[in-house]
Amino acid sequence: MRRVVRQSKFRHVFGQAVKNDQCYDDIRVSRVTWDSSFCAVNPRFVAIIIEASGGGAFLVLPLHKTGRIDKSYPTVCGHTGPVLDIDWCPHNDQVIASGSEDCTVMVWQIPENGLTLSLTEPVVILEGHSKRVGIVAWHPTARNVLLSAGCDNAIIIWNVGTGEALINLDDMHSDMIYNVSWNRNGSLICTASKDKKVRVIDPRKQEIVAEKEKAHEGARPMRAIFLADGNVFTTGFSRMSERQLALWNPKNMEEPIALHEMDTSNGVLLPFYDPDTSIIYLCGKGDSSIRYFEITDESPYVHYLNTFSSKEPQRGMGYMPKRGLDVNKCEIARFFKLHERKCEPIIMTVPRKSDLFQDDLYPDTAGPEAALEAEEWFEGKNADPLLISLKHGYIPGKNRDLKVVKKNILDSKPTANKKCDLISIPKKTADAASGQNEAKLDEILKEIKSIKDTICNQDERISKLEQQMAKIAA
């Protein structure tokens, strides 16, 4: 007998909005006509682009600061034009990048406990675009590498540690870029553009590896993201304005692996992908639902799971990294849905009877430690994300300050904050320090390495002892 219903542990995933007192209320969400998610989240903060007179601003709230947000609450407000996109650094929970209509990208360091005064001085201003910057995306595994894309159809990859533009891809797109996505180890990017092409690009060789014309035939915006196995997932519109999703193999972009028609709504579908569970969540701008699909190796490859529906349409959506979830409640995703005047967390859980840690739901996930330094990546090295176990929940560590090393130093933080952070200073600073300083630096780096080695050894020893205890207990 053929199984009628496909077996999947995610078939019963259900979404639930939190109670009103756990929402963030009275927020004037930005009205800019731009198809970004307007919200970025990490295990410490939620950042939301808001309406601001005379420039661009976004709010940064500690996760626990729920309830009504006072109108006088401090903002990050250094841009002179509306902010179009924001992205938290995956390797430092206090660093966030913003792109704006004023043609600049700014990188900000948020104080550990959130803002007490409005922040107007970024750690670094990255100037290189000639038109508004609508996309910012941090490299998934290399420290201090940031990508930005603007309406000048150029993609620039920056070394934030030195404030320099190291790669400029300005002749690959003939029309506006809708979105850019890094692959799992950050060796390739894929882009969706207004010319209806999806391109897979090797940014360091500055060449297009694969491209598909008319990935979706409709004129409305598309989105393209990389999956963990290297395939590309796209959302777009058919010629009849029906919303579509498709799966592509970059080695052969002639035909999609899978293509599904969905509905005739006109909101752009923003895809959010969880590489650990291979689930894709689709949030349409202006929709009041989140649909989710599981991607597998068996036909039809993209399996519809369920839809979370609510009454209010969404203006934007933030997606929490895996390490910010509550593993004790079998939470596999958390969204931060933007309404016109508030931000409402939505929690996705897999119902389980047991209170024990569910290892099948939580394989090791990308941790906050960078696998490479910026210079190593620019020289051609690749590395997969460094994984951490969520067995005992994720405990945020101490983040180091982002330090920018360049001649016209933009670091105008008060002297009390100027802790010289030796690890995040790029090794090849243009103006080499004197021999004496280099010797000192080497000595300290050696000491740091030996401390790290000791910690690793102790970790191994602890886990061995835990295994022995478990055997004895059993």
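The backbone N, Cα and C atoms fix where each Cβ goes, and this holds for glycine too.
Annotation comment: TrEMBL describes 3-67 as domain 'DUF1899'. What TrEMBL records for 76-118, 126-168, 170-211 is repeat 'WD'.
Panel annotation: around the repeat 'WD' (76-118), residues 30, 32, 34, 36, 39-45, 47, 49, 52, 55-62, 65, 124-127, 129-138, 140, 143, 146, 148, 150, 158, 160, 321, 366, 368-370, 396, 399-402, 413 of the same chain, lying at least six beyond its termini, place a Cβ under 8 Å from a Cβ of the stretch. If you average pLDDT over the repeat 'WD' (126-168) in this model, you get 95.
Per DSSP, the repeat 'WD' (126-168) is made up of 0 helix, 25 strand, 18 coil.
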